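*Asks:* This is the structure, below, for whatever I ask next.
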Amino acid sequence: MSELADKQLSTAPFDARFPNTNQTKNCWQNYVDYFKCVNARGEDFEPCKQFYKAYHALCPNEWISKWDSQREEGTNPSNFTV
């Protein structure tokens, strides 16, 4: 067991050849988490703003507009309630 405890786990370092890898999921998850947070705590809850900043930094504006329209129409496939 001590052999396993001595090994340090690490992930692959950043590779500039793939700057967008996994950012789509990251973008989407922050978008969903923001609206779940707002629905649970309200827009003035400071930790919700971190999700807002993250999805605005990661997501293309066209995606945000499309998802906002879908959310307002009730056709977005995600559940925004907690």
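Cβ atoms are placed via backbone N, Cα and C, with glycine included.
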*Asks:* Which one is it, Cys48, Cys59, that TrEMBL ties to Cys37 with a disulfide?
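*Replies:* In TrEMBL, Cys37 forms its disulfide bond with Cys48.
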*Asks:* Please work out the number of neighbouring Cβ atoms within 10 Å of the Cβ of Cys59 (disulfide bond), leaving out its own Cβ.
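*Replies:* So the number of other Cβ atoms within 10 Å of Cys59 (disulfide bond) is 19.
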